[in-house]
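Notes to accompany the following structure.
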């Protein structure tokens, strides 16, 4: 029943556009609920993406496979998490969808929820046993991606659920490093409260260097108040003040220089 060169079928179109009666009629005429487009996506994938719960239920009842992956490894569960359709996610999980499955880059459904800031989705997945420290292939954790995206509520929930505060990506950047780099003051506060490292990291930098380099004066002040050592030099033997000066952030450079002088 393939209709288009990319493998789109009438059933896929009906599911993607929330046409329940059409879905039923096509299946009744013999349409295969597991037929896939060239990208590997199925009718169930598109129903999950759209949040069409009744179509999801119908397809599952008619034999649609829950965990058929697309080319990037994404399943209906992944796309429902991404689009924040919690009722669909609950249905898929109840029907056996694997919450520990990974995409080709190693991301889990929990990682996707954290990345997109979907708090209730994240809480549900954790309650179902999702691993809060399971990383992508590049070692980025759900906490790391939440820090990069500035999702402070997600950060707090992950930390309450036992996430490792200093879990670093393969380049050595910790969640606090990313939050400082991006200038997310709330995220910085949450991570510091849980004891995130202020010293030299695996990448040879400090979080103070990250904040200074990108001109985030409020974060710089937060870090100093929390005990960051203004005199520390990075792997290139440069202080945060020197880095700020070179980047054109003279106000930050002056603040750091004065802070260092006051402590000497």
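Cβ atoms here come from the backbone N, Cα and C positions, even for glycine.
In TrEMBL, annotation is done automatically, which means it is predicted and not curated.
Within the chain, the repeat 'ANK' (6-38) has long-range Cβ neighbours (under 8 A, six or more residues past its boundaries) at 44, 46-47, 49-50, 52, 54-55, 58-59, 62-65, 68. Residues or ranges marked as repeat 'ANK' in TrEMBL: 6-38 (among others).
Within the model, the repeat 'ANK' (39-71) carries an average pLDDT of 97. The repeat 'ANK' annotation in TrEMBL covers 39-71 (among others).
Sequence-remote contacts of a segment are chain residues at least 6 beyond its ends whose Cβ falls under 8 Å from one of its Cβ atoms, and for the repeat 'ANK' (72-104) they are 42, 44-45, 47-53, 56-57, 60, 66, 110, 112-113, 116, 118, 120-121, 124-125, 128-131, 134. Annotation source TrEMBL lists repeat 'ANK' at 72-104 (among others).
If you look up TrEMBL, you'll see 105-137 (among others) marked as repeat 'ANK'. Sequence-distant neighbours of the repeat 'ANK' (105-137) (same chain, 6+ residues past either end, Cβ-Cβ under 8 Å): 72-73, 77-78, 81-82, 84, 86, 89-90, 93, 99, 143-146, 149, 151, 153-154, 157-158, 161-164, 167.
If you look up TrEMBL, you'll see 138-170 (among others) marked as repeat 'ANK'.
Positions annotated as repeat 'ANK' by TrEMBL: 171-203 (among others). Outside the repeat 'ANK' (171-203) by six or more residues, the chain places 138, 141, 143-144, 146-148, 150-152, 155-156, 159, 165, 210-211, 213-216, 218-219, 222-223, 226-229, 232, 234-235 with a CB less than 8 A from a CB of the stretch.
If you look up TrEMBL, you'll see 203-235 (among others) marked as repeat 'ANK'.
DSSP labels the residues of the repeat 'ANK' (72-104) in these numbers: 16 helix, 0 strand, 17 coil.
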